[in-house]
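Feature list (source: TrEMBL):
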COILED    83-117  coiled coil
COMPBIAS  1-13  compositional bias 'Low complexity'
DOMAIN    30-93  domain 'BZIP'
REGION    1-53  region 'Disordered'
Amino acid sequence: MASSSGTSSGSSTLVLQNSGSEEELQALMDQRKRKRMISNRESARRSRMRKQKHLDDLVSQVATLRKENQQILTSVNITTQQYLNVESENSVLRAQVEELSHRLDSLNEIIDFLNANNTSNGVYGSSSGGSFMEPVNSFFNNSLNMAFLNQPIMASASDMLQY
């Protein structure tokens, strides 16, 4: 019996030891659980901070790209306006070339006509009373009448629309 009582008192101390170890084990597990919770909270905080930084970077990038886009649009608008101005000036110059070509053709016809009549008379500049060319020669020899040949050619943007 002594052995049975020894065994029973040994097992009761074992139960007491086990309950003490269980409490320690429970405390250890609670401590680990708290550490994990704190670690998880810190990790979540770092993750939120990374997300916020990424969002801030994206917002900054959007602002930069919008500013760059606005500068490009302004540059395109300026270039388009310059192109339209050059195109308008080019049309004016084309109209002036057309007008000058017509004037040149008309003047060449007059010169050819005068040369043909002067050679048919036989002598340049001889006016033997009542020549056919006298009205034409007197018109061109009169300096007031020559002023029309020196008139500037005026063309505007509206001339551009006629082509």
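Just so it is clear, glycine is given a Cβ too, placed from its N, Cα and C backbone atoms.
Summarised as a single figure, the pLDDT of the domain 'BZIP' (30-93) averages 97.
Secondary structure of the domain 'BZIP' (30-93), assigned with DSSP and counted as helix (H, G, I), strand (E, B) and coil, comes to 64 helix, 0 strand, 0 coil.
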